Amino acid sequence: MGLGPPLHTYKHMPCTVFNRLFAIIYICAIVALIYHHFLTLSHSTTFISVAITTSLLISDLILAFMWATTTSFRLRPILRQVFPENLEKVLDRKDFPAMDIFICTADPYKEPPINVINTALSLMAYDYPPEKISVYVSDDGGSELTLFAFMEAVNFAKIWLPFCRDNNIMDRCPEAYFSSERHGRAELESEEIKAIYESMKMKVENVVERGEVCPDYIMNELQRQTFNKYRTPGFARSHHPPIIQVLIDGAKEKDKKGHSMPNLVYVSRGKNINVPHHFKAGALNTLLRVSAVLTNAPIVLTQDCDMYSNDPHTPKRALCYISNPSVRPQLGYIQFPQRYHGLNKDDIYGGEFLRLFVANPVGMDGLQGPSYVGSGCFFRRRVFFGGPTSMVLPEIPELRPDYVVEKPITSEAIIELAHHLGECNYENNTKWGFELGFRYGSLVEDYFTGYRLQCEGWESVFCHPSRPAFLGDVPISLIDAVSQTKRWAIGLLEVGFSKYTPMISGSRYMGHVMGLCYAHYAFWPIWSIPIVIYSFIPQIALLNGLYIFPEVTNPWFLLYVFVFLGAYAQDCYDFILFGSTFKRWWNDQRIWLIKGLSPYLFGLAEYIAKHLGIASQGFNVTSKVQDDEQSKRYDQGLMEFGVHSVMFLPLATASIVSLFSLVVGIIQMLSIWEVEKLFGQLFIAGFGVLNSWPIYEAMILRSDKGRIPIKTTISSICLAILLCGGAFLVL
Ligand SMILES: O=c1ccn([C@@H]2O[C@H](COP(=O)(O)OP(=O)(O)O[C@H]3O[C@H](CO)[C@@H](O)[C@H](O)[C@H]3O)[C@@H](O)[C@H]2O)c(=O)[nH]1
Ligand SMILES: [Mn+2]
């Protein structure tokens with residue numbers, strides 16, 4: 001920075017040297033392993049042994065490729081530190097840039113409006129000049145319930161914001177604050193506010209339960225007119241004109257203590273069943289345009305509706321990097337990790353996503369910067385308009401990132417223009433979604449957008465303070481977790497096999513290591529191929545007395561041991577290094593196997609089906625509703641199945657096959673007493689059984705509602721019999 005106290009610094013992680021050395025050794029091991037497969041292949045005489053060796057070869061090639069992509073995150077990890085306490089020494093508070101905050105919600109029944117307004121309130125209460133903040137809510141659910149909740153939030157904000165400011169509260173999400181032990185200091189006032197909050201919450205929940213805003217809750221003619229828009233004949237969430245409401249005009253409205261308030265704008269973009277709306281990316285682009293004509297702040301923060309702010313100083317941390325764009329003109333965005341509240345102790349579904357949200361971004365931070373993960377990201381508005389040196393102009397001057405807004409946000413002309421910009425077919429014949437704004441073409445618009453921005457030359461920074469900047473909800477049932485992963489899998493493959501594939505395009509624009517980092521995600525779903533093969537082939541071969549791995553006494557066996565233990569140990573080491581625990585790592589590797597057998601596999605299949613024109617996929621919003629009984633089981637660490645789903649069949653079948661082959665394998669071992677021959681397969685079957693423990697429990701031992709339905713159990717037993725019987729006939 002030159003002058004003044006430092007705002008940020010970084011250091012290389014000490015593990016870098018070890019990581020690089022280990023990578024070299026491991027590459028040699030992989031080469032040897034592949035050589036061994038070819039050797040075996042050349043000695044194979046029967047069709048069966050050729051087929052088995054080939055499938056192992058393919059599996060190991062895929063695992064090797066994925067290992068290489070994982071390793072790219074380990075080559076130059078850096079840790080950053082920011083000094084927000086120094087910010088006001090170099091930048092006057094009145095010179096802080098304005099910020100437009102985008103919150104997306106899509107379904108009042110899966111994303112309860114009370115939670116959405118909690119997120120909004122936590123962000124409105126940022127420790128930042130309120131007149132510089134504008135919060136825009138995108139309601140893709142097109143629901144009066146959400147709008148009603150926000151109208152209520154406006155009144156509550158007038159008490160909540162000054163309360164947080166005057167008492168220097170850290171938890172500025174009301175729900176989090178009132179349910180924590182911390183609200184001791186401002187006792188009396190806090191109790192009063194809590195009562196007001198509770199009554200608002202009841203009102204909002206009541207309205208959601210009824211499914212409509214009852215007439216007593218409508219305060220005046222203006223509100224009645226607004227709600228009537230949702231009740232015109234033909235109005236549906238997927239078919240309606242744009243609705244834009246300025247709920248707080250910061251220039252006029254004051255809080256209870258007479259201070260200014262942030263702007264709050266509700267936007268439900270226009271939709272038409274015949275016009276593609278591009279899901280969240282489409283919603284964000286509408287917000288980009290609407291906010292451009294209303295406030296056009298140079299900084300844009302995107303937030304999922306469940307990701308509330310957990311630290312009021314977060315925007316100042318971001319400012320430490322972007323307060324002076326001329327210092328690093330290519331810096332495009334600052335990504336904070338997604339962190340979650342309410343994870344159970346050992347994180348049975350791997351909901352922490354330690355690698356995705358922490359370890360990998362740290363790795364990319366030392367290169368061109370982390371990928372964008374959809375929430376908790378401060379962008380410079382300029383990034384949505386072409387690369388750092390080649391600006392792409394929008395169709396009207398009002399949308400340019402350097403356009404200065406002069407009219408007040410409630411002026412009629414501006415509101416009219418905003419509605420026009422939110423029309424469902426506004427984007428026809430424009431560059432939105434392709435060269436401008438968030439990019440279309442993938443269900444993981446975040447990954448795809450970040451990737452394209454970085455290809456254009458934008459850099460990014462990972463900001464990972466020890467107090468989480470944002471906290472969100474995790475799926476607490478297996479079906480939710482795997483459905484989410486399946487959506488991601490499809491979206492990632494859409495990028496992986498597009499003309500922008502990271503392997504080629506990414507490497508060309510960002511270098512091979514960055515290309516590999518992005519390829520890592522794009523090809524996540526192909527992990528399902530080796531996982532499926534290793535979950536069935538060694539076990540079924542064992543059942544039929546076919547031994548497919550080197551004997552324990554054979555030196556090649558050591559190679560297998562090294563490759564397996566090496567990968568697992570380094571994986572575990574990463575987990576511990578980034579502050580997680582051994583048990584969480586263990587559950588994470590189990591969920592990795594589950595994903596390979598279920599969402600990655602189905603994602604791959606659906607992606608192919610889509611390409612053959614058989615099916616098409618939408619964005620299935622993850623439910624954020626917490627069923628009490630389900631939450632209880634989650635807290636106890638029980639895996640929640642509960643419903644019958646084809647997604648569970650491969651894993652249930654694999655667990656039965658493993659168990660069966662382990663038992664038969666042990667019997668074989670006792671009868672022929674040649675452990676060294678079958679040890680490899682026995683180990684894999686045993687490893688499968690160990691990992692399947694929660695599945696057996698849920699099939700047989702449990703009686704609660706989260707157990708595996710009998711239908712699933714029977715279907716998977718039938719499948720297992722078919723598979724083993726079929727193999728018996730063939731082999
Ligand atoms: O048509 C849609 C669909 C979704 N959303 C919003 O998108 C956000 C993310 O949806 P969610 O169901 O929570 O998906 P997750 O899989 O949990 O989200 C992750 O993955 C998404 C991409 O698949 C990213 O957009 C998210 O930022 C990232 O947190 C939510 O706020 C939704 O309201 C919309 O606004 N419009
Ligand atoms: Mn989410």
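From the backbone N, Cα and C atoms, a Cβ is placed for every residue, glycine too.
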Same-site UDP-alpha-D-glucose binder from D60, D140, D166, given that TrEMBL records K110, E111: D140
Additional residues surrounding UDP-alpha-D-glucose, by Cβ distance to the K110, E111, D140 centre under 8 Å: T105, A106, D107, P108, Y109, G141, C305, V621, K624
Annotated binding-site residues K110, K280, D304, filtered by Cβ under 6 Å to ligand 1: K280, D304
Any contact, the transmembrane segment (708-730) to the transmembrane segment (21-39), with at least 3 Cβ pairs under 8 A: no
Assigned element (helix, strand, coil) containing K110 (UDP-alpha-D-glucose binding site), judged by DSSP: coil
Intrachain neighbours beyond the transmembrane segment (21-39), with Cβ under 8 angstroms and 6 or more residues off its ends: 53, 56-57, 60-61, 64, 67, 71, 74-75, 550, 556, 559-560, 562-563, 566-567, 570
Neighbouring C-beta atoms (10 Å sphere around the C-beta of K280 (Mn(2+) binding site)): 22
D446 (active site) versus recorded positions K110, D140, K280, D304 - nearest by Cα: K280
